[in-house]
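**Q** I have a structure here, written as structure tokens, and I will follow up with some questions on it.
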Amino acid sequence: MAKMEVKSSLLDNMIGVGDMVLLEPLNEETFIDNLKKRFDHNEIYTYIGSVVISVNPYRSLPIYSPEKVEDYRNRNFYELSPHIFALSDEAYRSLRDQDKDQCILITGESGAGKTEASKLVMSYVAAVCGKGAEVNQVKEQLLQSNPVLEAFGNAKTVRNDNSSRFGKYMDIEFDFKGDPLGGVISNYLLEKSRVVKQPRGERNFHVFYQLLSGASEELLYKLKLERDFSRYNYLSLDSAKVNGVDDAANFRTVRNAMQIVGFLDHEAEAVLEVVAAVLKLGNIEFKPESRVNGLDESKIKDKNELKEICELTSIDQVVLERAFSFRTVEAKQEKVSTTLNVAQAYYARDALAKNLYSRLFSWLVNRINESIKAQTKVRKKVMGVLDIYGFEIFEDNSFEQFIINYCNEKLQQIFIELTLKEEQEEYIREDIEWTHIDYFNNAIICDLIENNTNGILAMLDEECLRPGTVTDETFLEKLNQVCATHQHFESRMSKCSRFLNDTTLPHSCFRIQHYAGKVLYQVEGFVDKNNDLLYRDLSQAMWKAGHSLIKSLFPEGNPAKVNLKRPPTAGSQFKASVATLMRNLQTKNPNYIRCIKPNDKKAAHIFNESLVCHQIRYLGLLENVRVRRAGYAFRQAYEPCLERYKMLCKQTWPHWKGPARSGVEVLFNELEIPVEEHSFGRSKIFIRNPRTLFQLEDLRKQRLEDLATLIQKIYRGWKCRTHFLLMKRSQVVIAAWYRRYAQQKRYQQIKSSALVIQSYIRGWKARKILRELKHQKRCKEAATTIAAYWHGTQARRELKRLKEEARRKHAVAVIWAYWLGLKVRREYRKFFRANAGKKIYEFTLQRIVQKYLLEMKNKMPSLSPIDKNWPSRPYLFLDSTHKELKRIFHLWRCKKYRDQFTDQQKLIYEEKLEASELFKDKKALYPSSVGQPFQGAYLEINKNPKYKKLKDAIEEKIIIAEVVNKINRANGKSTSRIFLLTNNNLLLADQKSGQIKSEVPLVDVTKVSMSSQNDGFFAVHLKEGSEAASKGDFLFSSDHLIEMATKLYRTTLSQTKQKLNIEISDEFLVQFRQDKVCVKFIQGNQKNGSVPTCKRKNNRLLEVAVP
């Protein structure tokens, strides 16, 4: 039976509704209820068509593992439950397979999880793209750029512990295979005012706290910092520590990330020095001092902080102190210098700190771009990831919130335009009628802000540039004049009477009705922040710094390049950047992730319906669903649709043989689905009402239960039949085995009985024979015993007789001896003095030996073992003693000679001795090698850079490194090769490139052959059948033949414990591939020179002519 494969879908095991397009009925209450139901079951992702809604869970979920990455890899968008990985995979495959540039737009409030979403997108793309050393390096650099940018650009706010205080857009560049080549990062409007002041409950940028918490004591001392946060005025103390955040560990992560991205050590140190200088700038305090002319000026209270800053940045202390006290204004040909009061001095200090940090951040982004940018010039595919600050509504909203919310308005505008455009294009592409739906277009709000003549930004620039007194109040007055009638602008001075008594709208504020809601803006600081003014004196002081990084951050401080033109305002710069970003996004295929914050407490498991409702409204999610459902709520390609519902029709089940569209048409006709409820596109089926889809799902579920019942019935029948047949076969087998067992048992009984009977008979016969043999043995033993006793008696009698006769003879001899002694003593008593001669002889002999030894002491030869001199003996009788003394002295001086050698010298002499035993009187070349030291390493491989690759490839100790001539097996010509001998291998390498050509294990070397003549040719024979012997034996020529053969012999003996066979003959055989070739040495002609020549005569002979 064919196996049925049922593919999964987001419709399977669905909690709530996975795609809001299928929600029925569709209203705000059901929308929020569906999100809450999925949120409570840890389903934080929901679709609106191809748009992903992400609800921040404020905790880690086990849905981002490598296994999950593999689950969503190369899968259909609707095949699995909603996930950010599905959108990432869809965008990546569209880029790789369809050659469409992609952009992923991540929007939402601050704290909704946009930064984490962007990191998840990048990590997924990095996981699914290609592998390889270069590709992995690019992926690692792209991923590690995030920790660096987060440390310098993110901070804790009241709504988010890791809030992005800058906008980031990264273009990731891919090659035609989909492998990453590099990337380019663009940053937008760093909130640099945070450097000098933070709202209550918020922190400065992460890097300040990470540096003080994670830097070593040595580094802090070098940067002139202390670990105590309270020492620095620029750091807020009420939120210095964040629960669950380890600043020290994060600092180590940032340092490691900077190293991976490509920052050099001195660059990282320079960055930290600038950060330390910014921190210490906040500790500079001023005091007022009156001058003679009545003007107030400021003086620095404690110059110690100023001194340390100047030491860090290598700035002249006098120059920096003057820059804090005076301001120089330059006209065309005129300079005016004025003193700064205390308030102006503090303004100058804070402006310097903000500009220094802001420019450092821009330098960091450019430095990262240099490292991660694509190195090739080929055409690239691009995937853009936009992680930009979310819509912000605080108690006090200033210029930064105004700019941030303007950017979000533009993103909402492009979302509306591209969503409608994509929907309309799909209907046109599929030839489906398009039904228009009304929606709120926020273009009117964008125009209120960015209009070149009457826009708020244009009027702010105009106010900043006009002469005269310019304040935030004059700017507000101008807004009231121009924008008073605008329906989305509110102010106490506007012409609408209902705002005149609105106590929620202060006189110094204005309110804009954004797409996300109304936001009240304090005009205080708008003009200053837009001007972004830094006194020229401070710029010039920074340019004079000996610190190369700080000097590069202030090019306008160069006196040789004075530019009197006013720099562009912050608002105009940001407006131009946003316009460029919008144009960039419109050229790419958009993918949307809409992030939603479930509560303001940053806590898990809390779902604030009113807060979520507000976000749903201003994000326009309901309108997005209605746009998707304006024509048809559900659409699917024909193939997966037929695959999913084919069991509902007999004609399409189990296999449809024909086009998928025809199968779907047959299926829908069979199910009698009304024509007005569906339409057939070119490649997709479109279903108008979600109820129709759910009816299909119910029918499919019921049909699957019926199929399951059918499969169970067939399976149970098959199982019973199989069991019956098995029992039947088992009965036959059991009966056969039982009969066999019974016959075997009966045979064993008969056999056992026969053996018992046989054993009893054999035993009876054996016992009978044994009794007869024992009787015969006893008779023989009795006769032997009687004879023995008789012979013994006779022997004892004879022995007694012989002993008595011997005693008598001995007594006679003793008596005779005594008698002779007495007789002799009586006869020679008169000659007693004759004994003195013996004594004189012995004395004389002793004196001669003594004199001999004393003379030998003074005549001893030198201690050289090769000195053959030895004094002559004076007397013949001392000959043996003389030779023995010579032998003993020679052994003694040899021992003394050996004792003075080092281990290295002993090894050299052992090798020389080995060479002598192997080649003396056998090889004519040997005598010339005696005086030559064995060097081994004739090539300095370790020192020669040309052989670095060869050196890295050899991990063992090199015993011989020499250039030899390898004889070509085919024609006898020679080729230079590097001959290398290690502890375990013999290697041949190319002399020019150092590439290893051959590697032979010493265990495969069986013999070395050479001639007896004065030449350097030798053959290395290899074990037959070994891998190294595939081309045959080697034939070499070398000027150091004796040394190479000796070391090869000793090394082989040390490693294999077997002596290497050394054959010395003027004719020997070698194996060249499949042929055995005779190498014959002949006497050469002197006319051909003194160098031996080699020539291949035929397939069986190779001649070597030795002159």
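Going from the start of the chain as shown, residues are counted 1 onward.
Each Cβ is built from the backbone N, Cα and C atoms, and glycine gets one as well.
Just lifted these from Swiss-Prot, have a look:
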| type | residues | note |
| --- | --- | --- |
| DOMAIN | 15-701 | domain 'Myosin motor' |
| MOD_RES | SER60 | phosphoserine |
| BINDING | GLY108, GLU109, SER110, GLY111, ALA112, GLY113, LYS114, THR115 | ATP binding site |
| CROSSLNK | LYS287 | SUMO2 cross-link |
| CROSSLNK | LYS287 | SUMO1 cross-link |
| REGION | 592-599 | region 'Actin-binding' |
| DOMAIN | 704-727 | domain 'IQ 1' |
| DOMAIN | 728-749 | domain 'IQ 2' |
| DOMAIN | 750-778 | domain 'IQ 3' |
| DOMAIN | 780-807 | domain 'IQ 4' |
| DOMAIN | 808-837 | domain 'IQ 5' |
| DOMAIN | 923-1107 | domain 'TH1' |
**Q** Specify the secondary structure state of GLY108 (ATP binding site) as given by DSSP, simplified to three classes.
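**A** Assignment for GLY108 (ATP binding site) reads strand.
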**Q** Under DSSP, is LYS114 (ATP binding site) part of a helix or a strand, or is it coil?
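**A** In the DSSP reduction, LYS114 (ATP binding site) maps to helix.
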**Q** Summarise the domain 'IQ 1' (704-727) by DSSP state, stating how many residues are helix, strand and coil.
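**A** Taking the domain 'IQ 1' (704-727) as a whole: 24 helix, 0 strand, 0 coil.
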**Q** At the level of the C-alpha atoms, what whole-angstrom distance separates LYS114 (ATP binding site) and the residue listed as 'phosphoserine'?
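**A** The Cα atom of LYS114 (ATP binding site) is 15 Å away from the Cα atom of the residue listed as 'phosphoserine'.
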**Q** Counting only residues 6+ away in sequence within the same chain, which have a CB under 8 Å from the CB of THR115 (ATP binding site)?
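**A** Once residues fewer than 6 apart are set aside, THR115 (ATP binding site) is near GLU150, ASN154, ASN162, SER164, ASP387.
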**Q** How big is the Cα-to-Cα gap, in Å, between GLY111 (ATP binding site) and the residue listed as 'phosphoserine'?
**A** 15
**Q** Hey, what's the Cβ neighbour count for SER60 (phosphoserine) at 10 Å?
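**A** SER60 (phosphoserine): 8 neighbouring Cβ atoms within 10 Å.
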**Q** How far is it from the residue listed as 'phosphoserine' to the residue listed as 'SUMO2 cross-link', counting Cα to Cα, in Å?
**A** 51
**Q** If you take the centroid of the Cβ atoms of GLY108, GLU109, SER110, GLY111, ALA112, GLY113, LYS114, THR115, the listed ATP site, which other residues of that chain have their Cβ within 8 Å of it?
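**A** For the ATP site the neighbour list reads ASN56, ASN160, SER163, GLY390, CYS595, LYS597.
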**Q** In the domain 'IQ 4' (780-807), how many residues does DSSP assign to helix, to strand and to coil?
**A** 28 helix, 0 strand, 0 coil
**Q** List nothing but the one residue from LYS114, LYS287 whose Cβ has the fewest other Cβ atoms within 10 Å; the candidates are the recorded positions.
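**A** Each of the recorded positions LYS114, LYS287 was scored by Cβ atoms within 10 Å; lowest is LYS287.
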**Q** Which of the binding-site residues GLU109, SER110, ALA112, GLY113 has its Cα nearest to the Cα of LYS287 (SUMO2 cross-link)?
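**A** So, of the listed binding-site residues, the one sitting closest to LYS287 (SUMO2 cross-link) is SER110.
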**Q** Can you name the far-off residues of the same chain, 6+ from the ends of the domain 'IQ 4' (780-807), with a Cβ under 8 Å from a Cβ of it?
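**A** Same-chain contacts beyond the flanks: none.
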